[in-house]
Structure formats: structure tokens, C-alpha cells
């Protein structure tokens, strides 16, 4: 249950076919008898079979609903919502129809014409398959949640105990027995404790760092989930004790059911990543540009396919040439193909995949590819405390022992953050053997203890209560008992060998279990000498009340005076202020009732142990020996990571289910807050935050924020408000309670070691080492990847602008078409692909984590960059069309002889008016050679402008490829000169350029490929012409970069001014 604030929230999204359940009854706020009356049940007899049937009709089965995911067809259709994809689809369909129409003429054109639409269709199919596969993974978090549910339950029905009833058959009102190790099958009210104490591990649901004591006493009705001490929740585990409970909520009405609903709702509202939004915007702009350019091409060339005469001032006698019309329609299609960077989706996927490999090496496992890029623009990290900022392993931080006289205490600082006995040491520890007082502390810690520590793979794990495991680790750091023989000790290979020795020296014969009234646990031990003693550990104040003496350093015992008592309480207060959990130690040697007791059930003293009410009287007149302060310590590397976040302009917010004091102390220690910072306005409980009037204004505060006692809905609300405010939110979590917020955040980050499967399935990224600093390293990697993606997006887009300019100039000048669609497709997909991918390997800037995060609404391409690439694109257009014109009209260019193949020269006027060739008189064309082929035009000289343009087309295509290779060098840096950032800073780019040139040579010099692409081999002189025309693109961009650098100082200062209000 969630308190009144959570009831409606949990229910409002649950759509169910069952009958509507009655209003929620606040069982946690009512006494046991009232609960039994409300549910019409007695804890002794349970429900009758008829009651069970009636209730099942109302409440249904105790299981989580199956939310229907989107159908495969709707997922496929969704992939075609993208603007770029739609343009490509239209272009492919039109190409196919035109190819079909042209196919009636037969021959070579048929092969070439069909290659283009088929390749475009293939790209779209692959793109859709990848998209559907990624979408399909989204619903797995809900399946993982079902794994947490209990399979069976021990239930009382019809006055009989059913030991293994399937948990899904439970209904509200059922009476269930729970024992140690059981998984709770439903949300239930504790009605009776069978053991003296009951503890549950519910951290995965509530975020609490330690097991929680449960009671059957009512709590206030408005208690939050952590405050409901008389409720046990589905999916949590009993770690200590056994009890009888009354089922209050089942299925989707349980806390875990509400989490299930929240995950489902969050998955429905997943948004596009910042990059996808940018590319969609770019696609829409591109659609408009293509539309305008296509319209212009048609308007410029309308005179070629539509002719009319004016009669009486009105146009009439229209003449329409269908052949010419389809020719210009093909040009419009070529424009669409030229304008769209078809290779972009493939290159982005490749770059992101390479990024995930780099991140995996840094222990960040990316589950969804786009998250790599989103990480780069993260502005807020909302981190869980337990297990992410801290180790989620209890450790002793301070040990306070008695001094040499009554008014003196000794303080020892203990290092270590894990359960490893070899992690850290005790500062100022006495050399040689321990004194009697320290020996007694070690003995009580080791023997009055039910926990253990084991090594699992490369880490140490606790078995039993974390606080007790931490005490055993402390004993190992303290060293062996003084009575031990060194030789025999060192031969023991046990991990907890000091504890083992203490337990061998003092054998436990009876246990006085912990209970919440006396707040202590005691053991009666039998030493080698046969002397019985009582060892006790528990709450310091309670032990002091029951103690009448203290043990000094040398083992002597003196009366516990007021001075010593206040000194010990002062030490306790100081440790509690530092959010340490304190435990005291005491012992008693005089045990007349147990002098001859050895665990025998027939001994008179055994009867005293059967009744927990006697424990307080047995634990009287104790001798107090010392105390320890424990905590879930912060990870050592977290402080530096938070400083790195601050330098990178990323705010850190800590959202935890733990209590306020503990969380504040940890936040001070790791640097979320300054050491003396006033945090009254920066630290709230989840409930206090929800009651604020202006929550967004609170979240806009500079610096770190802390939310303690947070419930799942609080986490979701914080993430939602931050996203509404334009922040890009990364959220970490490991528990079931974190899953909805992980799903809702831009980047959900789950813990790999401590994380539940539910959290992992709801996340975008999993930390293999559960470490906050790994997130910061991943953000740096994400920024680097985004910068590299910008580089290749700019490169590919500039290439496309060049292709559009080339086709537009061809159409505007009226010369034959220089580049056909299939060639443009080859350049966009194959030739541009390797250099664009290689730009993804650009080394990161050194100051990448010193800059503020880019805003998610920052443009992918600034106005200046766009202008630069329009200039470059215009040059590409002029160069590709220019080399076409040069071959037809010039015998040499820049001293390069072009007459070697014997082709006939024409004037520019003839070339621009080639459509009227059939009306020219005495127009003859000589044969020319290309490789081993000879082209003759005796039958139809006008074919020189159609079939005969093959050499000029090859020159245009080669110039386009060469310019794009040189242009990839320009893209190495946005503003840096090639003199400062030479090509070899990214050797992969040089390899990629070689591959692209190699592929171009392949289609030029392999006859069957040359035929498909409509090109011919080039001579050495023609290659020199290609390089001479292509190289100036580097010089032009160097001049533009120089202008950019000169003006960037002014732009940067104005940008800083515009960003200032946001950060303030």
C-alpha cells in the first residue's frame, strides 16, 4: 500500500476485465480485530471455500496482468513514419514504374533502371527489421516482474493448513503463514508474530538499505510505504522470524502490481532521442527543399515537353511530349535520391554499435543503441543512493572502546567499504596482542552473531544480516585471540578464521533472540575452562540501562558512574549525527541459573529460555565494554565522479527510499553538498516534495538536491517534471521500485550486480560494476560519439547538397544528364559509407567533460555550417557539371591533354541545345575509344549526347567521388585546419578513403559492373583532370574554416550570455 496519495495513482491506469474492487481499506491503520472483521475472517480458521469463490469473482487471480504489446504490423508501419523513409519510398515506387515503362525498350537500360528501386527497397526493409527488433525488446521488463512473484503459499482455509497452495489462488482475506526464506505472495497485514521478531528484506521495493522490523501494531493511516511496519509486500523476502498474515491486496492492486502498471504507462510514453528528433526535423526541411528544387527543375524545363501558340492573346494548340516529360520526371527522382543521405541510417547504427563496444570496455553495457547518443546530452543524473553511490555493504566505520580509567574512551577509525576482511585497516591500532577490553569486543562480535561472509567469484557477500556480517569482518581486522598459537592460526585457510577461533574457544549453548522491546540479542557460551558467560549486543541506550559496570582496558571491572555513562552517550550522539548505526557490547559472568546448563532440554534453566519474556531479566547487571558505528559506506571513487559532473555542467540529484539523516550524511561526504552547506532547502522527503506548490521551481535550483523516503511514484514525478522542463534525464536504480522511473527517463541505468531483473529489463544501460563513476565515463563517451556523429552527418549532408547542385545545374543549363540515379545511390551508400563510418573514430576532445552539456534543442547544423556546406555543395555541382562540359567542349584543360581518345568536340551552344540535334545540318561525330570499347555514331550522330556521354558521365562520377574523399578530410574537425588536425590523427579515415577509391576502381575496371553503372575506364590524363578539378574543395573549406575561427570568439561570448539565465 502507498498511503492515500498513492491509492488513486496506482489504480487510475489499471484497465481490468474483472469486477471493480471496493475502495481500499487502510488495514495498516486499523487494529487486527478490526481487519479480521472487515475481511470477514478468523486467523484460526481462515476463509471457507464458498468465501474464496465469491472473492475470486470480485478480485480475480493473484497475478500480474498481461499487457498486450503492439502488434508486429503496427510496429512495421511505425518504421515508415519517418519523413526520410517516406521520401525514399515514393522515389523507389516512381523509379520502379519508370523502369517498367523503359523496360519495354529492352537492353542495358533495363538492368540499370531496376537496380536503383530494388536497392532502395532493400535499404527500407533492413531499416524496418532493425527498428522492429529494437521495439520488441521493450516489454521484457513486465515479464521479469512476474519472476519476482512467489509461486506457493502456506494458507489456512476451512480450519485446515494447506502447505503449498499456488500463490495465484490467494484472495483478500486469506490467512497466510510466513517463515524465514519465504517470498511474500501478496500484500498482507501482519496479524500475529510467532517468533519474537520479524524482519523483511524489502529494499528492492522501497529502497531501504537494511532489513526492516515488522510488527502487528497499527500505524498512522497517512504513513508512507516505508512507515507501514505492520504490512508485508508481495515480492519481498522474510530474513528473520515467522508470522501469520492476512491478505489485503492481490494481483494488480499490490505494490508490485502498481509498479507493473507504472512500467506499462511509462513504456507507452517513450520519446524519440534528441538525435532522432533532429534527424526528423532535418527530414522535414529536406522534403520542402526537394519539393522546391523539383518544382524549379520542372519550371525551367517545361518548354522542352510542353509547347503552345498564342491565338487572340490566349494559349492554344498545346504540344506535349510524353517522352521528354518522363525524362524530366526521372531527373526529379534523381534529385530525390541525390538529396537523401541513404547511407546515414546504416552509418549511425554502425557508429552507435562501435560506441557500445567502447562503453562495454568501461563496464557500461548498452541495451538500446540510441541511448549511447542520448547519454552525451544528459543534463541531470538522478541517482539512487543504496548500491550506486554506496557499496550496499554494511561496514564498521568507528570503534569506541573503554580507556585505562573510568572517565576515558578510545576511538578507532576503521577503513573498508566491502565485506572483504582484507579491505582497509583500523587506524591507531595497538601493536602486538589486543588488550582485554578489545578482546572482549572481538569475542562478542564474533560469537553473538549468526551471519557469515563468503567469497563469490571476485567479490565477498554476506550471508545473514548485513550488520552482523560487518561485525565479523571487523573481528578479522582486529586480529586473532590472544590465547591462540600463531603457528596453528596461520595454517587455517578459512576466510573468517579469527571468528572461527573465538567460536571454538567459547562455544554457544543458548541464544536469546533479538526482539524489538529489549532491542538486543544475547548468547550464553561455555568457555574451555567450563565457565559460562552471557555475551550481548544491541542498542547502546538499552544496554547502558541494563549495565551496572564497565570493563577497562586491562580487563578490570569498575562501576558505571554518571560521568562514564554521559561520556558513552556523547560518543553515541556524535556517531549518530554522522548517520552511523550504533551497536553496543556487554557481557555478564555471573549466571547462577545456567552454571551447569549445557543445552540439555531437561535442565531447569531451559524453561527460562523458552519464554522470551524472561530475556530482559537474564540480561540484567551487565558489564558494558564498547560500541561500534556501522554504515553503508560511499564508494571511494564517487566523490571525484561528482566533481567531474559539476565540471561537465551536469546536476546530480539523489533520490532514495532510505531515511533523511543517513542520506544527508552520505551526500555531504561524497560532495553532492558542500561540507558546511545549508541544505534545508535542498533536502526533502518524497512526501514533502509532492506537497510543494511550485515543484518545477524547486527542481531548477543550482547544485545538488536530495529526496529521501521516496516512493516509486515520487521518482516518476520528479523525472516527468524534469523532462517537461527540457532536461535530459539519466536515472539510476536497482530495485523493482525503480523500474517505472527507469522506463520513463531518457536514459534508464540499472545495476548489473545488485540490480533486479525487472530494473535491468526496464533500463537502457546496465552498469557491470554498479558504480556511479562508470556513468560519468559513459557520458564522456556519449559526448565524443555525438561529436563524431555530427562530423559524419555534416559530411554526408554536404555531399548530398553537392549532388543536388549538380543535377539542378544540369537541368538549368539544359545539358545532357551527367549523373544517373543508380550512380548517385552507389555514391551515397557505398562510396560515402566507409569515410563516414571512419569519422566515428575521431579522437575525443581533451576538454570534452569540461564543457556544459549541449541542449537537446541545439541544432544539428548551425546557420554558419549550413552556409559553408552550401558553398562547398555549389562547388561540387560546378565541378561535376564543369568536367562534363570540359570533355565535350575542350581538347585540353590546365595543360592536361584530353584528345587522346579521339572524341569530337562541340560548342557549348550545341551542348546546351542538344535536344534539337536532329535539325542540325552536316552534324557528324567521329568514333572514340574508352578502354577496349570503340563508340561509333554513323547511324545516329545525335546519340553522341545520349549513349556517347558515357565518358563524360564517368568523369563527373569520378570527380564526385574524389571530391567526397577530400571533403571527408575537411570533416575531421568542425573548425580546425588540416594543418593543426592532420589526416593521420584518424588513421581509420585514410584506410576508409582507400577502400572507397578501391570500390570506385572496381566498378570502373570490371566490365560487367561498368555496364550496370553505365560507365567506362579512364586514362591517366583523365584521372589527372579529375584530381585537378576535385582538389580545390580542400582549399575552399580551409578558407571558410579560417573565417569561422575568426568569428567564433564573438559567437562564443554571445552564446555564454544567452546560456547564463538557464543555469542561474
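Just so you know, glycine gets a Cβ as well, placed from its N, Cα and C.
Predicted, not measured: the structure shown is a model, and the values here were computed from it.
If you look up TrEMBL, you'll see 1-20 marked as region 'Disordered'. The compositional bias 'Basic and acidic residues' feature in TrEMBL is assigned to 1-11. Annotation source TrEMBL lists domain 'Cation-transporting P-type ATPase N-terminal' at 26-100. Per TrEMBL, transmembrane segment is recorded for 83-101, 113-133, 285-306, 326-354, 860-888, 988-1016, 1023-1044.
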Outside the transmembrane segment (988-1016), six or more residues from its ends: residues with CB under 8 Å to it: 108, 111-112, 115, 820, 822-823, 826, 830-835, 837-839, 841, 930-931, 933, 950-951, 953-954, 957-958, 961, 964-965, 968-969, 972
Remote residues contacting the transmembrane segment (1023-1044) - C-beta distance under 8 A, at least 6 residues beyond either end: 864, 868, 871-872, 875-876, 879, 882-883, 886, 893-894, 896, 898, 955, 958-959, 962-963, 965-967, 969-970, 975-978
Helix, strand and coil totals (DSSP H, G, I; E, B; other) for the domain 'Cation-transporting P-type ATPase N-terminal' (26-100): 50 helix, 1 strand, 24 coil
Confidence summary for the domain 'Cation-transporting P-type ATPase N-terminal' (26-100), mean pLDDT rounded: 82
